[in-house]
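Listed in Swiss-Prot for this protein:
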type	residues	note
BINDING	LEU119, GLY123, HIS124, LEU125, SER353, ALA354, PHE355	(6S)-5,6,7,8-tetrahydrofolate binding site
SITE	HIS227	site 'Plays an important role in substrate specificity'
MOD_RES	LYS228	N6-(pyridoxal phosphate)lysine
Amino acid sequence: MSYETVREADPAVADALEGERGRQNDTLAMIASENHVSEAVMEAQSSELTNKYAEGYPGERYYGGCEYADDVEELAIDRAKELWGADHVNVQPHSGSQANMGVYLGVLEPGDKILSLDLTHGGHLSHGHPANFAGQVYEVEQYKVDEETGYVDYEGLHDHAEEFEPDIIVSGYSAYPREVDFERIQEAADAVDAYHLADIAHITGLVAAGVHESPVGVADFVTGSTHKTIRAGRGGIIMCDEEYADDIDAAVFPGSQGGPLMHNVAGKAVGFGEALAPEFEQYAQQTVDNAIALGEQFKEHGLSLVSGGTDNHLVLIDLRPSHPDTTGKEVEEALEEAGIVLNANTVPGETRSAFNPSGIRAGTPALTTRGFDEDACREVADLIYKVVDAPHDDDVVAEVSDRVDEMTDEYTLYE
């Protein structure tokens, strides 16, 4: 994209925009929740729809002049239904967290009970952490992964549900490298007459492509964000059975949002259309294959992976067994200096602060978008290990940085 007009109007902002484009082009994005959208999605998100207020839903707006807003939203809805096989879809949430809020407001009362995965075990803030709205409005208890295996303790979850009697059980996670057994979680919900919300923010694209089990038709509600593995730009989405449609729509608007961001809805429509193409399934499978290769190479270097590997787009490394004196934050900062951007992350049984934890999380969605295959990801694992093993060695960091420069030149991104 050209920023010539921005530069004429505001050189300082143009400098930041061009700097960010250069940063993305010249570094390897391995934060598991990040990806690179197409130029078409970015064009849609910077369209004249940014000017349009469209409170309400297609055919039922509170303002005039919404015919094209209706067209775009209906395209996004229809394409989402085709991608995920959902009965009802709301594409207006501004984010995945807003989508979760829409479900909570739609079917819960303040003080109702939520059972969700502990944040340090791979859950998400919006699933009921005390710092988040969900933890402040609802009564929340959290289930765990088995610290020995790294897998969700489904039996423990079932027992916890029977004891706590939640109104809703949340599945779907932000740092869990294994396939989620939505059927088993639904069984736990059925046993206590609870709703089941499956938050697939991280795996929307994997589910759409059929390379991960789908919760659609299993869970009562499915939420997600649209900028991770689905590559449809920033935003959220809610899917549900038709019986819940009115409650969910009312909880989004007017319950928790005003006018939708129609330029972002346009980006969703374009991204969903791209995901309906046959090559998207190949992309999703390659993303998983790349993560598996990345994890296997880490293990060759003696690093400890939570759960021993991955079934999806991310790997979670516990540094304590191999590098007990090194924190995830040290590694994150050294890798960023070398041009590899991932994040420090808590791990099951965490003993350090969440701001300086014992693990690192690495994802392959953005690398795969650039064209990386398994061999390239194995080399990236080698580079990461060099920095893990010597995060304060300037020569090592410089050596890795030089190789990253070569790789970003080979696997180009935005012109």
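Yeah, the Cβs are placed from backbone N, Cα and C, and that goes for glycine too.
Projection of Swiss-Prot feature records onto the structure.
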residue	record	CB count, 10 Å
LEU119	(6S)-5,6,7,8-tetrahydrofolate binding site	23
GLY123	(6S)-5,6,7,8-tetrahydrofolate binding site	25
HIS124	(6S)-5,6,7,8-tetrahydrofolate binding site	23
LEU125	(6S)-5,6,7,8-tetrahydrofolate binding site	16
HIS227	site 'Plays an important role in substrate specificity'	27
LYS228	N6-(pyridoxal phosphate)lysine	26
SER353	(6S)-5,6,7,8-tetrahydrofolate binding site	11
ALA354	(6S)-5,6,7,8-tetrahydrofolate binding site	12
PHE355	(6S)-5,6,7,8-tetrahydrofolate binding site	10
The residue listed as 'N6-(pyridoxal phosphate)lysine' and HIS124 ((6S)-5,6,7,8-tetrahydrofolate binding site), Cα-Cα, nearest whole angstrom: 15
Alpha-carbon spacing, LEU119 ((6S)-5,6,7,8-tetrahydrofolate binding site) to HIS227 (site 'Plays an important role in substrate specificity'), which is rounded to whole Å: 21
Span of the (6S)-5,6,7,8-tetrahydrofolate site, taken as the largest CA to CA distance across LEU119, GLY123, HIS124, LEU125, SER353, ALA354, PHE355 (Å, rounded to a whole number): 16
LYS228 (N6-(pyridoxal phosphate)lysine) versus ALA354 ((6S)-5,6,7,8-tetrahydrofolate binding site) - Cα distance in angstrom: 23
Alpha-carbon distance [the residue listed as 'N6-(pyridoxal phosphate)lysine'; LEU125 ((6S)-5,6,7,8-tetrahydrofolate binding site)] in Å: 17
